[in-house]
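*Asks:* Taken from TrEMBL, the feature domain 'Inhibitor I9' covers 59-152. Annotation source TrEMBL lists domain 'Peptidase S8/S53' at 184-633. The active site, charge relay system feature in TrEMBL is assigned to Asp193, His262, Ser600. The domain 'PA' annotation in TrEMBL covers 440-514. Annotation comment: TrEMBL describes 646-741 as domain 'Subtilisin-like protease fibronectin type-III'.
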Amino acid sequence: MKRGFKFGARITLLQQRKLDSVVVHTKNIEGKFRYPLKIGKNDNRLGYGIINAFLLMQSYIVYMGESSFPPSSSSGEKSFSESSLTTLDVKAMTKSHFDMLGTYLDSKEKVEDQMLYSYTRCINGFAAVLDEAQVAALNDNEGVVSIFENKENRMYTTHSWDFLGFEKNGVPSLYSLQKKANFGEDIIIGNLDSGVWPESKSFNDEGMGPVPSKWKGTCDDGGGVTCNKKLIGARYFNKGFAANNGPVPEEWNTARDDASGHGTHTLSTAGGSYVPGVNVYGVGNGTAKGGAPKARVATYKVCWPSANGGCTDADILAAYDAAISDGVDVISVSLGSDVPIQFYEDGISIGSLHAIKKGIPVIAAGGNNGPSDGSITNGAPWLFTIGASTMDREIFTTVTLGDKKLFKGKTLASKNLPDGKLYPLINGAEAALAEATPRDAQLCLDGTLDPNKVSGKIILCLRGQSPRLPKGYEAERAGAVGMILANDIISGDELYLEAYELPSAHITYVDGESVMEYIKATRNPTASISPAITSFGEKPSPAMAKFSSRGPSKIEPAVLKPDITAPGVDVIAAFTEAIGPSRRPFDKRRTPYMVMSGTSMSCPHVSGIVGLLRAIHPDWSPAALKSAIMTTDGPYTCPENFSLADFNYPSITVPDLKGPVTVTRRVKNVGAPGTYTVSIKAPAKVSVAVEPSSLEFKQAGEEQLFKLTLKPIMDGMPKVYEFGHLTWSDGLHRVKSPLVVKHV
């Protein structure tokens, strides 16, 4: 071993275990990290074959269930604001975790070096760097529920409130949910994400009263985050990230959203203050505000710059543990894994389970891996899982060719060409540098375009092989005055708003083919790109976003996911001003508000609505809050012969219908007395019977049961999902539940 250095346990594996090389972060003799060294298995620079051992080490979460603190209240839920949890309790729990890990290691120093987090406040467990033998030994401990790798999750990335019916022309109606809830006053929304840009006007505290006494959180100010009566909490968690990626720079120890903008965007969507006169490069003009604009907000930064996502399970669980004990009322989580994960091996599922047991609803993004079936993530039944859909607003530009043909495109360019002025038009394939292939130049890949051929012209680039924005950078480098980006055949008609630095238009594959044909057939082709404009009333809307992950859940197909959809396409909300909208280091532009798309954007819409409902009904459980939005109700106590078909979920799903199946649901009346009669739209080739067909409620709070029997009408049906719904109505109110079956 090299004199003066020792190996740190927090190492980075380049891909997975048992590779040919590893990055080892060395420490000096004072124990401080110095620099990373890439070492191969057979590299003798540091001797003793110790690298082979380190190649088998990585970080894990050891999950042990619920913390024994604080004691349960009479209602069965645990309230930190009234609990007897003390510093002494926390120290005792932490010591028990260190002692437990110590029984599998041979020195106290190793325990301190390998321990990342001790979860003590509501979650019982710890995160640590372990080798395979230690994992196997811990897994045999009867007190351990599960051990799983500290995987990295990723973030799923104004007019929307009008579109949802909360307002008309930006003004809440007299009887709107926002008015009834006093705009979510004093509800506390916690957001697990990439942090916050505290200077944003969306977090101004003008007119807000004192911070609620129930709040027990803190404001980390190591990076200059200043909290106020609106932004009342800011914490950061990066030990899990460092365990996977090596020591983080000192300047990363902050809750500031200085590398993404994602956390600022989602937090302001859920609970941002009113900010009039907002637009993004002149489009989308209006008043920005969150769903619960008078709510208090708190950020829990768990996401860091990384190609693998940057939001580790270890950090996420630490944030949940803190948020629950801090006293938040709602938790919003716009992040998740790339693929469905077993609930007991997933930090988001475990953390949210403990939050819900404390009466805190958790709203989570469903993922951006659509439209493939079974791509939904965050599918645990206790989570409120959100899909993304469009709204009726469209921001678009128009491409006009020299032959007067028009094509609609999308853009969010910060520069415009003179409206109607025609410029020479060239296909990228005809503008290649001598050393570049025509195909690479058509894709406008870096360093492929010849300025002598491109300068002063609008260039047609093809989507694919590189991200959309860098194609614009290459066009600009070559001197283009504008860019038309045409989809490839795989992308079809899927268009996105992007913050291009030069005038641009993103058009469909079919339209791109037409532009190419025009260039081929014309001696001197020309085109113009109009400035972007905003229109409303687009149809159909809402429509599911192509990227929004679809069900069924691969982990539990009998539970329909996502639970609900909300606006997640081209959403305008607050943004960080630490970086440019392209997030490229050379982008010097700054914008306080930005357009983003993803289930990350739809999730906080629902988080804000849940905050409003909680303000009106503070006694409602997370299940009741979810049911109020999904239009059915109720907690369910499992009998010994429990069937998942009887799980009291707002939707009804039978993933293997081959004979009669009967499901049971319990509903609660939360309004005036009345009689509700059922109507049914049956899935194709399925008979549906409901018993009883009417429910009479004599008082608020009364509960009743009904049974629903589904039966295939014929054999040999295609093995596909079929959809329907049942609706209970008293003539004024309608309560609808989706029906989903798959014939087998």
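Cβ from N, Cα, C; glycine included.
Describe the structural surroundings of these features, if you would.
*Replies:* Restricting the average to the domain 'Inhibitor I9' (59-152) gives a pLDDT of 80.
The number of other CB atoms found within 10 A of the CB of Asp193 (active site, charge relay system), across every protein chain shown, is 29.
Following the DSSP three-state reduction, the secondary structure of His262 (active site, charge relay system) is helix.
Under DSSP, the residues of the domain 'PA' (440-514) split into helix, strand and coil as follows: 23 helix, 17 strand, 35 coil.
All protein chains included, Ser600 (active site, charge relay system) registers 30 other Cβ atoms within 10 Å of its own Cβ.
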*Asks:* Whole-number Å only: compute the distance from the Cα of Ser600 (active site, charge relay system) to the Cα of Asp193 (active site, charge relay system).
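*Replies:* Ser600 (active site, charge relay system) to Asp193 (active site, charge relay system), Cα-Cα distance: 10 Å.
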*Asks:* By DSSP, how many residues in the domain 'Subtilisin-like protease fibronectin type-III' (646-741) are helix, how many strand, and how many coil?
*Replies:* 1 helix, 59 strand, 36 coil
